[in-house]
Number of protein chains: 2
Amino acid sequence: MEIVSKAKSHGGVQGVYRHASDATGTPMTFAVFVPPQVDSGPVPVLWYLSGLTCTHANVMEKGEYRAAAAQHGVIIVAPDTSPRGENVPDEPGNWQFGSGAGFYVDATQAPFSTNYNMYSYIVDELPALIASQFPADMKRQGIFGHSMGGHGALTIALKHPDRFKSCSAFAPIVNPSTADWSRPAFEKYLGKDETAWREYDAVSLIEDGRRFPEFLVDQGTADSFLTTGLRPELLAEACRKAQIPLRLNMREGYDHSYFFISSFMADHIDWHAARLK
Amino acid sequence: MEIVSKAKSHGGVQGVYRHASDATGTPMTFAVFVPPQVDSGPVPVLWYLSGLTCTHANVMEKGEYRAAAAQHGVIIVAPDTSPRGENVPDEPGNWQFGSGAGFYVDATQAPFSTNYNMYSYIVDELPALIASQFPADMKRQGIFGHSMGGHGALTIALKHPDRFKSCSAFAPIVNPSTADWSRPAFEKYLGKDETAWREYDAVSLIEDGRRFPEFLVDQGTADSFLTTGLRPELLAEACRKAQIPLRLNMREGYDHSYFFISSFMADHIDWHAARLK
């Protein structure tokens, strides 16, 4: 693991790191904020998964998470959203597929299956690296994210309820199998058989019996993707039927940007911290 | 004035605006955060001047000022740092002069004097626009900034003690007349006669009799520009001799970046808000 940069911030250290990933076959860059409380021992880890077009840097620069993370003493890990590089198959100009759009799946279809294995990267490879390189208490992990990263957080939590003590999302894609902006990506990564897509779809996973103790979701009412790609009411309905407590905060006038995310970042970290104590 | 973008954030509105500037002869872009308290009437205005290479966007994205501004009910104005455009003389590749490096002076030397009039822009033109277009209480103004923008804040406050009730800075250039990284710019903007430079130099202004009630300065000890370009001890010495109270916080391990600025942004806004009540 190579240190790209380190800077003191809010009493802790915001670092950027790079390593050669087996899962993606590429160098992968990620950001880690380590709070000052590590001086007294390992601290909980909160995973933040970013949305379409993002790298590790967007939330690191615009997410305003460090004050709350330093207050509560949690490590924040912000991975990249896809493999990148000259040898990685991509569709330049298509922001909903390929580079910046890994959708947190393990692709099964050539030529994408060689590199686009963000599910294994986030679930297996990067946690092992974090556990070995940072003062992280891996028995206390939470996960959250935005948009495509909200989808990632919900699906990964539903498939790993024993690992994560908390899960929340900002404006998540809750049912990518049926949304026009994600169906083409799912088909290219996972093939035409839509039954395979259900493993990477929060609503489908709940319908298929997966459970998580509770979810927190914040969603802006002025989000231009609200009624087409995001549709939180589908998650609400699935949670209602499955009796999963969902706190869904519809935020009047907020859009899909980091101006929205940062407004409720402290609320989410408070919520996770209470469950990671 | 044209609206470039508006987004709800932290209960207020973060906007970006553009207008044709008389002072610079160019279109100028600036950011304004309006807090929710404007529903009850005009609120104080806090000017944030950015450093070398920045536009209005850097602090808007990375400065983490909205939570505190919304808490205290202050408007934050973040102007650009120079004129820009194809017809503006510049030295591409030189980050210490020209585009992104207006130094908050009115240039007197051709060909720069046509456009590089950031002092008049910040002191006269933009305040008139803010007063006419935003719910701003112009009787309650404060000013702060970072690096070159800290220099701007200190010098403008010293020359307008009746207008500004508060002034602070992050890692300011306190004595640009004698720093290697600013002397070439001062010579090109203001000419070889260094007596003309004193009007744009905080230490010189204090030596020449200008006064301000008090200053707050935060400075990182790991700032790579600390001992060459910034040298807060020169401001401390000038303030001591002039009996201007200076609270100079040397922050162990912090660098020159927004990771540093954002760490102490809330402290500075608290400090301004107490003086703008």
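A Cβ is built for glycine as well, from the same backbone N, Cα and C atoms used for every other residue.
Unlike curated entries, TrEMBL annotations are predicted automatically.
Taken from TrEMBL, the feature active site, charge relay system covers A:Ser147, A:Asp223, A:His256.
On the structure: features taken from TrEMBL.
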residue: A:Ser147; record: active site, charge relay system; CB count, 10 Å: 24
residue: A:Asp223; record: active site, charge relay system; CB count, 10 Å: 21
residue: A:His256; record: active site, charge relay system; CB count, 10 Å: 22
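Between the CA atoms of A:Asp223 (active site, charge relay system) and A:His256 (active site, charge relay system) there is a gap of 5 Å, rounded to the nearest whole number. A:Ser147 (active site, charge relay system) sits 8 Å from A:His256 (active site, charge relay system), taking the Cα positions as reference.
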